[in-house]
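Peer 1: From TrEMBL, here are the annotated features:
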- 192-266: domain 'Cation-transporting P-type ATPase N-terminal' (DOMAIN)
- 242-261: transmembrane segment (TRANSMEM)
- 267-285: transmembrane segment (TRANSMEM)
- 436-455: transmembrane segment (TRANSMEM)
- 467-490: transmembrane segment (TRANSMEM)
- 995-1018: transmembrane segment (TRANSMEM)
- 1063-1088: transmembrane segment (TRANSMEM)
- 1139-1158: transmembrane segment (TRANSMEM)
- 1164-1185: transmembrane segment (TRANSMEM)
Amino acid sequence: MNKASIEHQIEINVVDLFDVQSNKEISLDEVMDGLRYVMEYRIKGERFPSLDYDVMKRLADGLLMNMGNTEKRKFRQSLTKEADVAFQLFGEFLLEVQEFREAVGEKPVSDLRHSLKLDIRCGPGSTEQEQQSAVALIALLTNTYPQFSDWKELVKSAGHADVQKCMEKNIDLAKAETMPDMGGVILAPEALCFDRRIKRCLKMYRTSLEIGLPSEAIPTLQEHYGKNMLPEPPKTSALKMIWTQLTDFMILLLLAVAILMAATKEFIPMAVLLIVVVLNIIIGFTQEYKAGRALDALTKLSVPKAQVLRDGATSMINSEELVPGDIIFLEEGESVPADLRLAEVSQLEIIESILTGESVAVSKDPKEIKTLTRKLPLGDCKGNAFMATVVARGRAKGIVVRTGRLTEMGKISAAITSHAKVLTPVQRKLAVLGKLLVAFAIVLCAVMAGIMIGYKHPVRESLEVALSLAVSVIPEGLVAVVTVTMALGVRRMAARKAIVRTLPAVETLGSVTFICSDKTGTLTEGKMGAAELWTSDGAAFRFTESTSLDPNRGVATLKMNPGEAPQVIGKTLDQVPAQMLISLMVSSLCNNSSVVMKKKDEDTAIVDVPSLTQVDATHAPDETAEWKGIGDPTEVALVVAAQKAGFPKSFFHDLGYTRIYEQAFDSERKVMSVVYKAPLETGDHFEFVLAKGAPEEILNRCVGFLPPVPPGAAASPLDLLKPSDQDLIQPVTEEFYDRVSEASGRMADGGLRVLGLAFKKVKINGGGAPDTGFGDGLDNINNIKREKEAAAASHKPTVVDLLTAANVTQADDDDDDEEIPPGYSEFELVFLGLIGLIDPAREGVQESVRICKEAGITVVMITGDHIKTASAIAKELGILEEGGRAIKGEELDLLSEQAIAGLKPFPNVFARVSPDNKLKLVKALQSRGESVAMTGDGVNDAPAIKAANVGVAMGITGTDITKQAADIVLANDNFNTIVEAVEEGRQVFDNILKFIVYLLSCNCAEIFLFLLCSIVNVDLPFTVTMILWANIIADVPPAMALGVEPAEPGLMGRHPRSPKRGIITTASFCMILFQSMSMMLLTFGVYMWADKSTGETLEYAHSEAFTFLTTLQLLQGFLSRTMRASVFRLNFFGNKWMLIGVGVSFVLMLIGIYVPGFNRILDLVPVHGFTWAKVVVGCIVLVALSELEKLILRRTGVTL
C-alpha cells in the first residue's frame, strides 16, 4: 500500500511536469519541491528500490525536459534553480530506483547530451554546486551504463575543456557513486493534500493534533515558507503616473501646438493652452493615483487573528505568523486564516462565495479524495477550508497546508496583477483622431504655403499663415472637454449610486453590447426568503415581506381561490392550522441558524430572537441596530418564516422542548434531522423527530402523511406530536406521491428552492408506549458520547474533540459505524409539506431588462444556482424568452472560447458557473467584437471583472479587492443602476461627439475660408492673431457647455455604437463638412462683398469677416445641442452653461473689437450697424441650413 501511495504521488507530479508550461496555475518550483520531498522522506535510503516502470519512465522524461531551462544573467545563459533541482533529482533517482535506471538506459546519448547541459554546468559562471552535481552524475552514468562509458559523448565538444577541469577539481566526486547534498531545509511542499489521509498529512508537516508544532521550530519554518501574507500589489510611483500623463498622445499634441504658438510669438494663447495642459495632467494624475491602488484592499481580507495549537496549548496569534503544520481551531462565524486540510469536523459548513460565487454553505468532510491531479475544483475540495472564507456552522480542527501567495486568495491576486487592462474605446478613438489631425495639419500647412508662395507672397508670411492654420486644425480644448465631460458624468452617476473609478469607463458603458450580471443580489434582492408553504392537506400559504429579517414585519397568509383576498393567519395556537404549525416547527427547530439584533457595524448582539411579544415590549425599533442572520442563508430564511408566523424558536423552548440529538445534513443523504423531547403533564416526557431535506429524499422516507385534522381531534396542534391511541396518519399512496411531485415541480418551475418537511413520533418507555425494546434513546446517545470522550484520553480534551464527527487520532474510531437508535432513524417518517425559498427579483429590474433590449443590449444572467431555478427567474425578468437558451458551467468547460463565441442562439442564462467560466465567457464575447460589462462581488470575480471592457463591482456585498479591480462600483448592488449608468454613458458619448463635431466644424470653416481665398488669390480674411483669438474664445467655452448638455429623448432607443466604429463616422464627417462649408461660404460671401480697395477698408473687411464668422460659430454651439432633433423643440434654458459659455465668448469678442488698445493688438477695428445686420441675416440662414440637415438625418435614420 505504501508503494502504491508513493507511485501515486510521483504520478501527480509527473503529470504537472508536462503541464507546467501550459498551465499557469502550476509552478515548476512547487512540482520540484514535491518530488524532492518524496525522495528525501519516502524513497532515499533504499526504502523503495523498485517502483512502477511506466511511472519511472515518464518521470525521467519530465526531469530531462525541465533540467535544461536557462535564463539570462549578466549577458550569460545560466541554469534556473528549478533546472538544478531537476538535475539533482535525476541523479538521486538513478541511485535509488532500479526501474528509473532502466528507463534512462534506453535513452539515446544525444538526448542526454542535449538535456543535461553539462557544458553550461561546468562552464564559466556556473556555481560550485552545479559543478559538483555535474561531475557526480557523469560518474554515475559512465559507471552504470557501458553505452555511456565515454563521458565526452555526453558533453558538447565546445565544453570538453571546462568539464575536464571540473572533474579534476572534484576528483573525489568523480570516484564516489553519490550525488552531493544540495543543502537547505527539505520540508513538505505547500499543497491542499486533499488526496492524503490525515495521519500522512501530520507526518508530512511534522505536527500533531494533540500538541501542534513546537514554538522553537516556528522561526525556521517561517524562514522557509515565508509569512502568511498576500503579496503586495505593484505600486506605480507618482513620477511615473505624471510621466504617463505627459506622454499621452493628445497631451503631446497640445504641447506641440503650444510650441508652434511660441514660434509665431503668440505668447498669450500659448500660456492659456499650457494652463489647459496642466489642468488635464492634474485631473488625469488624480484618477490614475486612485486607480493605482487597485489591489491595496487585498490586505484587508487577511484574517487578523487565528486560534492555534502550539506546544500543547491554545492561543490567539496574528494570522500572518501561521506556517504549514500549524493546527487551527475554527468556530462558527470565524474567517479561515489560511488554506487548511481539515482533520476533525463537527457539522462544519463554510460559505465559500468569496471564491466560488455560490452563496449556499458547503458541508465539509475530512476524508481523502483520490485523484491523479493536484488540481480539483474548489467546490469539490470537501476536506479543505480556504483563506478568507467564513464558517457558517459547526466547528473544526485543521492543519495549515498553504499560506500567503500560494493560497487560493494569493493566486487570485497574481491573476489580477498579471492581466493587462485594455484601452477603452474612447481612448483608442481619440488617439486615432489626434493622429489624423496631425497628418491633416501637416498636409494643410504644406498646401497653404505652396499656394501662397506660388502667388509670389513672401515666404516668411506664407509659412507663418500656414503654421497658424495648422494650429487651428487641432482643437485645443479637446482633451479638457473630454475630461471635464466625463468627470461631470461621474458626478451624475454617483448621484445614481454608481461610483466610477476610472473616467473612460463612463463612455465605455454607453457602448456596451452585453451586460453579464450576477443573479444573486443584483438581479435579485440577495436575500433568501420563504415564498410558499404547501402542506399535506393541499393548503398553500404565503409569507409577506419574507426577505426582511425583522420578525415584526410580515405575516403568513392562506392562498384563496382566484379573485379572493388572502386570509391572514393568526399567531396563536388556536388560530393556526395543525399542518402549518408543525411544518413551521420543523423549519425553526431542525435548524442551526438564528436571527439576532445587532448594533450597526458591530458584532455584539443586542438580543437573540425571543417571542414576538418580548421583542415588541422590550426592543422597540432602534435606529442604531438592525436584524442580522447568523448561519446558512437557507436556514436563516426558514427561521424567519417561523418568526413571521408568530412561532420563533423561543416559543417552543418556553414549552420545554429540548434538542437531544442531531444528524447533520450531508450531500449523500440530503436530509437533516433532529430529535426533541418535551414534557408531559404526568411528569414523563415524549420525543419526536423533525426532518427536512430534498423533497424526493424526504418523501421516499415517509410511510404516511398528515391529512386535514377534524375539528376537536386535538386540543392543540402540538398534541399531534404526543403519544396517543388515536392515530390520524394516513399511508402514502401513489396518488399522494403524484400530488407532492406536482406541487414540488410547480414550485421549482417558479424559481423556488424546494425543501420537504416531515416528522415522526418516537416510542419510548415512560412515554405511553409499550415496552418494545427501543429504550429511552437518551441512554444510547450518552453512552456513545462517553465512549467518544474516553477515546481521546491520549491528549487534553477540547470542545472540538468532544463534538467532532470523526476522531482521526484513533485508528478504530469511525463515526460511520456509530449506531443510531432505531427510534431516531430518518425512516418511517410522516410527510408534512413543502416549503419553497426564493431570492426575489429586484423591483424595477424587469423594466430595466426591457429598456436594455430596446437599446440593443443583450442581458446575460450568470449564477451558481441550479439551471431550472435560474431559468425561472430569467423568464420572470424577461431575460430568457421563448426559444432562448440556458447552459451549465460544466458544458462551458467542454467548449473553447471560439466555440462559445459561435453559439447560436447565444445563451442568456449561465448556471452553475465557476470563476474560470466567467473569464472564459468575457474573452469569448470580446473575440467576436462585443463590448462587455461584467458584474461580480466575490474575489473570484475579480479577474473576469478586470478583463471586461467595463468591470462592475457590488458596493454592499462586494469584497474590497473586487471593488478596487472594477471600473464602476454599484453603491446599491442594483441592476437598475447599471442600466441608468449605461444611459449616462451614452449621454456622455453623445456630448463628446457633439463638441468634437462643433470644434472641427468651426476650425474647418476657418481652414476652408483661407484655402478658398488663397486659391482665388485675394487677401486673407484674418490675420494670424485673429485666427488664434477666434480659436480661444469660440472653441473652449461653448464646447465645455456641450459637455453638460442633457440627454436627448430616445437615447435608450438606439442600438449601441460598435466598439470598432471610430468617433468620426461617414455621417458625422459629412455633418462636419456641411456645417463648416455653410459657415465658410456665408463668411466668404460677406468678405468678397466688402470694399478692400484701400488699407483702411481692408482692415475693416478683416474685422467684419472676423465678427461674422465668430458669431456664426457661437450660434453653431447652440445648434449643436442636438444632432437630430430640431433646436426649436429644446428648452432654450435647458443648458444654462451654454448660455453662460456663449455669453462669455460673445463678450470677449466684443472686447476684442471695441476696446481701444486691445483691439489694435488683435488687428481689429470697431464694426458698424450694417455689419451686424449682415450677421443677423447670416445667423438666420445658418439656422435654416442646420434644420434642413437634421431633417434629412431624421428621415434617413442615419447613425452618427
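Positions of Cβ are set from backbone N, Cα and C atoms, glycine also.
Walk me through where these features lie, including what they touch and how far apart they are.
Peer 2: The list of residues near the transmembrane segment (995-1018) in space but at least 6 beyond its ends in sequence, with Cβ under 8 angstroms from a Cβ of it, reads 433, 444, 447-448, 451-452, 455, 465, 469, 472-475, 477-478, 481, 485, 1027, 1030-1031, 1034-1035, 1038-1040, 1042-1043, 1063-1064, 1068, 1071-1073, 1075-1077, 1079-1080, 1083-1084, 1087-1088, 1092, 1109, 1112-1113, 1116-1117, 1120, 1123.
Outside the transmembrane segment (1063-1088), and at least 6 residues removed from its termini, the chain residues within Cβ reach (under 8 Å) are 426, 429-430, 432-433, 992-993, 996-997, 1000-1009, 1012-1013, 1018, 1021, 1101, 1104-1105, 1108-1109, 1112-1113, 1116, 1123, 1174, 1178, 1181-1182, 1185-1186, 1189, 1193, 1198-1200.
For the transmembrane segment (1164-1185), the residues of the chain that approach it from at least six positions outside its boundaries are 1026, 1074, 1078-1079, 1082-1083, 1086, 1099-1100, 1102-1104, 1106-1108, 1111-1112, 1115-1116, 1119, 1127, 1152-1154, judged by C-beta separation under 8 angstroms.
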Peer 1: To what whole number does the mean pLDDT across the domain 'Cation-transporting P-type ATPase N-terminal' (192-266) round?
Peer 2: 78
Peer 1: Which residues, given as numbers and ranges, are at least 6 beyond the ends of the transmembrane segment (1139-1158) yet have a Cβ under 8 Å from it?
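Peer 2: Those are 1029, 1033-1034, 1037-1038, 1040-1041, 1103, 1106-1107, 1110-1111, 1114, 1117-1118, 1133, 1164-1167, in sequence order.
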